[in-house]
Amino acid sequence: MASYEGISEEPHRSLEAGTLHRKFSYPNGRIETTSTDSGPHKPLSRRGRTALSLSATSLRKKSDVADTVLAKIPCGGLRGVLMNLQEIFLNTKVSFLFVFVIVAFVLYFLNLNQGWVFAASLLGLVPLAERLSFLTEQLALYTGPTIGGLLNATCGNATELIISLFALHKGEIEVVKWSLLGSILSNLLLVLGSSLFAGGIKNLGKAQNYDKKESDVGIGLLFVGGLCHLLAVVYTYAYATVETDFFPSNRLEMSRVCCIFMLIAYGMHLFFQLKTHSQLFDDPQDVNALVDDGDDAVGEEEPVLTWWSAFAWLVFMTVLVAVLSEFIVNTIQEASQYWGLSISFTSIILLPIVGNAAEHAGAVMFAVKSKLDITLGVALGSATQISMFVIPVSVIVAWIMGVDMDLDFKMLETGSLLMTILVTALVLQDGTSNYMKGAILLFCYVIIAVCFLAVKIPTSKSSLLCIFIFLAILLSYHYWVYCMLKLFSLKP
């Protein structure tokens, strides 16, 4: 129970009625109860949560000042609406970035500099992506463990999928390939590397262990996806003009068939994770223990929004993500030219770094607290989902739209992907972590980024300038992570 200047508030839930209640006790003895009916939708088991949803939920915060002000409002209906708005826009540690959503709209419709429209849209996606994950988690609490797990597993990378669909609609096939490739590289090298490095530095002299069984499954799926990309590239150079009795000579058809099997494999993975072997994916490091460290949002068992409220906000946030994604797709070429960068570098490096910054900060936070199973779930889970779900879905949707998108990501991109998977598998092979393993992954990411930075750069002078730009971006990213750790009251 919370008390504000003589007024006490006690939130509770009636499971039988499926209703959210808030009871206020005033100094004069009057007691007022407000409730919001969620209809037939009642909160069920929290089982089925994924590491991605835990990472998003970990960024929630409680606004005591806002609670104090809202508790003084006598009208129960108005107070309920304002509390709903507070939960969506204020109770997140990245709420200050919502202003960039408005800035992006203003810059775009005033037809101002396209580079700044692109930058504002990217920054605006940070809180929207975090809220999408949070709202998906809220809906999952009203379903059974299987449906909740499916919601969390399939909507974890909704932002990347929406951007890909808009880029496909405009025929920007290379942008789709580069952005999805960049998301995989970012999760495996930058996110996981930063997490292992920060966790190792924070816990010097302490053993950091994790369960290898879950990571082995994710690495295996990543190798399956990498194999499909490798075969598409090899097919281009070896058998593109050879007719056989077993395989079509058209690389596009082969890619579509591979995508169908990739989706089947991902579906089997979900069945394996949520049904037959769910005990392997239950966090052995007791997530509820995080409450003792001050992370109340992570350990909460009760939803804070009703089903209909969460669903309505999810639709609204999805529309905003779709609009900002359209802004990004429409301005990415002009922004790249304005900053003197190649489109490949912008798509592979900038989009994933900024778009998933909130989720990445959560992964680093768990690593600092030695919750490496959750950190690996965030990094490997997101990379696996993009490789085995988002990419095949993009290819199939492009097929339906009449766009010829295949799995041939070109030699440089495919080689970077396969080496990334291999290095990650070697780093995670023994079930222990230290800061040197994180540094190895980070070095690989920087080397790959510099390689793509050099693409289509005409002169050595501009190449040197762009290298400094990239290093500034990378330092800014790690400063962002540092600020997020300070918000968590942790010293990296």
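Glycine is no exception: its Cβ is also placed from the backbone N, Cα and C atoms.
Here TrEMBL flags 116-274, 310-452 as domain 'Sodium/calcium exchanger membrane region'. What TrEMBL lists as region 'Disordered' is 27-49. Residues annotated as transmembrane segment in TrEMBL: 88-109, 147-168, 180-201, 221-242, 254-272, 310-329, 338-358, 378-400, 412-429, 435-455, 462-482.
Remote same-chain residues near the transmembrane segment (254-272) are listed as 149-150, 153, 217, 221, 224-225, 228, 231-232, 235, 247-248, 384-385, 387-389, 391-393, 395-396, 399, 405-408 (criterion: CB distance under 8 Å, separation of at least six residues from the stretch ends).
When Cβ distances are compared across the two stretches, the transmembrane segment (221-242) makes no contact with the transmembrane segment (435-455), since fewer than 3 pairs at least 6 residues apart fall below 8 angstroms.
Between the transmembrane segment (310-329) and the stretches 88-109, 180-201, 378-400, 412-429, it is 88-109 that has the most C-beta pairs under 8 angstroms. Remark: secondary structure over the domain 'Sodium/calcium exchanger membrane region' (310-452) totals 120 helix, 2 strand, 21 coil, with classes taken from DSSP. Relative to the transmembrane segment (180-201), the listed stretch 435-455 leads the set 378-400, 412-429, 435-455 in CB pairs under 8 A.
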